[in-house]
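**Student:** In case it's useful when we look at the structure, here is the feature table from TrEMBL:
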type	residues	note
ACT_SITE	D163	active site, proton acceptor
DOMAIN	148-309	domain 'Uracil-DNA glycosylase-like'
REGION	36-77	region 'Disordered'
Amino acid sequence: MLGHHVTLQRRILCNFHVGLHLGKMLGQPNLLRFFSPKSNSKRPISPSIDDESTTPKKPKTHANAEPKTTLSPEQIKRMETNKEIALKKLNSSSSPSKVPDGISSSWAKALAAEFNKPYFVKLQDFVAQERRMAKVFPPPHQVYTWTQMCSIQDVKVVILGQDPYHNDRQAHGLCFSVQRGIQPPPSLENMYKELTTDIEGFHHPGHGDLTGWAKQGVLLLNAVLTVRAHQPNSHKDKGWEKFTDAVITWLNKNLENVVFLLWGSYAQKKGAIINTKRHCVLKSTHPSPLSAYRGFLGCQHFSKANEFLRKSGRKPIDWTKLHD
């Protein structure tokens, strides 16, 4: 037992001397740290790291990234519609409508929507081709004479015809009217007959030029505006009817208290769209010798038109104003 204690003391002394020797080599503070117990204190965490660990992280976003949105079917449809409208406006502005030569400004503005439509473009091509192949009436500069006499807003009376006269020097862009120096056709002669009994002071003017009426606001409109020489109805169903329907539609919707004189079944059918609550519509047979005695002569449409205009507060037409 005593020998065991002696041996243990020797080991302790040996370790002590070894420690002193190491202390000299490493330095006293290092030795003390070597033999001192480890601290349980945790290493302090910097505030910046602590804040980041405790604050929920926001998802990173790119500067140029667009926010995701969900569109309803109605919104998508509206966007597509707006896109189509914008494209139409762009196309119309890049290729403006070609106004035919001879149409005065107020009429061109009112009818602008027609000039770019396929039917009208095709119609213009047809008439141009016809003029290259044959004689066409009236001449190009007189096709739209009816727009040059008064502003579209000043129309008071509308007389509808069918198609232009097809013989030389007759047609000049006003229905029933012929150029000076040409004998008035039979239908116009019957109109003069009716005027002599219906309008006080009317006398045959000695010609068939109705420009005096047109300048007062009488629209003398044929349903078809051109014809091949000596071939009546040769330009029927080529597109003119659709264009002149647009004229009547504009007058019907945009004006009030206009008198429409519809003579014959053709004119009456074309004027079927007229609102009789806004306008005055007078009907009879055509003044042609074939039908004038079956209702046109004695109809008193010229005096009735003036009576309606007076009641509407508008200046009546001077039907006698055809003399120089």
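Cβ atoms are placed via backbone N, Cα and C, with glycine included.
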**Student:** Residues with Cβ closer than 8 Å to the Cβ of D163 (active site, proton acceptor), same chain and 6+ apart in sequence?
**Tutor:** N222, A223, V224, V227, P232, N233, H235, K236
**Student:** Summarise the model's confidence over the domain 'Uracil-DNA glycosylase-like' (148-309) as a mean pLDDT value.
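**Tutor:** Summing pLDDT over the domain 'Uracil-DNA glycosylase-like' (148-309) and dividing by its length gives 98.
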